[in-house]
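Trainee: I'd like to ask you about the structure that follows.
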Amino acid sequence: MKWLVLLGLLTSSECIVILPLTKVKTMRKTLSEKNMLNNFLKEQAYRLSQISSRGSNITIHPLRNIMDMVYVGKITIGTPPQEFQVVFDTGSSELWVPSVFCPSSACSTHIRFRHLESSTSGLTQKTFSITYGSGSTKGFLAYDTVRIGDLLSTDQEFGLSMEEHGFEDLPFDGVLGLNYPDMSFITTIPIFDNLKNQGAFSEPVFAFYLGKVKGSVVMFGGVDHTYYKGELNWVPLIQAGEWSLHMDRISMKRKVIACSGGCEAFYDTGTSLILGPRRLVNNIQKLIGATPQGSEHYISCFAVISLPSIIFTINGINIPVPARAYIHKDSRGHCYPTFKENTVSTSTETWILGDVFLRLYFSVFDRGNDRIGLAQV
């Protein structure tokens, strides 16, 4: 069984726009999985490193790795708290979960928020409509207390979906956006900014460890150095307002195979794979020996042994992605490259670096200095 998650917006017709959720052909074939995260991991951070002041607190929040294709974590909304599994997504800015009044089949397979059962809940007259590559959702905005581990955001506005299409059987209830407020098209404060304004942490940073050695986590308010090796390499954003970097080139065997004149790379924890322009992705498929079968490309699982790493050079730093990372084996024993066409057209060459890439490197998203830090895990 092969599926992926790509949180990437296509169009929006009303007042909310969420940039990253998209779907490929096989997304509807995902495993139907609704296991809640029973062991709530809460670690005391060790010495803070690089950007956190001595004595400040870090909230380390557990994420569940589902088939190396999506990472979900638990949040609660309301009083008393109602639990939801969400994708912590650096490609979008809004938080939304299903409403109890949503009759769609997609909503019926997920946890739905019961706002009438929360003493701190309130409704607004704002509505939203979002269309993704993976489907669509629409509904209204509410506000309530939202908790991420020991972080608490009061009077947090969020979306309640009244209609969903394309999200049936996916292993998460909603999305928690961690992009800049500039990427939101509504006059509301994203949860990270709300937490920052309410003094929940001293440093406006968050970081992801999407690994297999330790349990995957997202951390807020600082950096725990025990999750990575060596030093953080800091890369400035192309512009403040979205998590995108300038990439110098993509190469293999010392030959440039994409991004020859430089290009833009988005760091997107809500995307499973690595996405790029069709022509360049098809060229990479040919170079590694992948063969098309219908709309998909497949490759021999034995190729992992012999294929070279593909090097992503960002800000002069060579970041190798080995074949064991860019070739994925699904539950049926089939192997396929983790490069896909980016269906959203752009005027310049753009790549989206999803979990396949981010899993190899500890990533720090520094809102205070508009930069991303990378380190080996």
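Note: Cβ is positioned from N, Cα and C throughout, glycine not excepted.
TrEMBL annotations: computationally assigned, not manually curated.
So TrEMBL says this about it:
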- ASP89: active site (ACT_SITE)
- ASP268: active site (ACT_SITE)
- CYS102-CYS107: disulfide bond (DISULFID)
- CYS259-CYS263: disulfide bond (DISULFID)
- CYS301-CYS335: disulfide bond (DISULFID)
- 71-375: domain 'Peptidase A1' (DOMAIN)
- 1-15: signal peptide (SIGNAL)
Trainee: Distance between CYS259 (disulfide bond) and CYS102 (disulfide bond) at the Cα atoms, whole Å?
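Mentor: So the Cα of CYS102 (disulfide bond) lies 44 Å away from that of CYS259 (disulfide bond).
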Trainee: Averaged over the domain 'Peptidase A1' (71-375), what pLDDT does the predicted model reach?
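Mentor: The predicted confidence over the domain 'Peptidase A1' (71-375), as a mean pLDDT, is 93.
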Trainee: How many Å lie between the Cα of ASP89 (active site) and the Cα of ASP268 (active site)?
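Mentor: Given the Cα positions, ASP89 (active site) is 7 Å from ASP268 (active site).
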Trainee: If you compare CA-to-CA distances from CYS263 (disulfide bond) to each of the disulfide-bonded residues CYS102, CYS301, CYS335, which comes out shortest?
Mentor: CYS335
Trainee: So among the disulfide-bonded residues CYS259, CYS301, who's got the most Cβ atoms within 10 Å?
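Mentor: Answer returned by the neighbour count: CYS259.
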Trainee: Between CYS102, CYS107, CYS263, CYS335, which of the disulfide-bonded residues has its C-beta surrounded by the fewest other C-beta atoms within 10 Å?
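Mentor: Output over disulfide-bonded residues CYS102, CYS107, CYS263, CYS335: least Cβ neighbours within 10 Å is CYS335.
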Trainee: C-alpha of CYS102 (disulfide bond) to C-alpha of ASP268 (active site): distance in Å?
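Mentor: The Cα atom of CYS102 (disulfide bond) is 28 Å away from the Cα atom of ASP268 (active site).
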Trainee: Taking the Cβ of ASP268 (active site) as the centre, how many other Cβ atoms fall within a 10 Å radius?
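Mentor: That number is 28.
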Trainee: Can you tell me how many other Cβ atoms are located within 10 Å of the Cβ belonging to ASP89 (active site)?
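Mentor: Its Cβ has 26 other Cβ atoms within 10 Å.
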Trainee: Given the recorded positions ASP268, CYS301, CYS335, state which is nearest to CYS107 (disulfide bond) when distance is taken between Cα atoms.
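Mentor: Checked the recorded positions ASP268, CYS301, CYS335; minimum Cα distance to CYS107 (disulfide bond) goes to ASP268.
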Trainee: How many Å lie between the Cα of CYS335 (disulfide bond) and the Cα of ASP268 (active site)?
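Mentor: Roughly 23 Å, rounded to the nearest whole number.
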Trainee: What's the CA to CA span in angstrom from ASP268 (active site) over to CYS301 (disulfide bond)?
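Mentor: Rounded to a whole number, the Cα-Cα distance is 27 Å.
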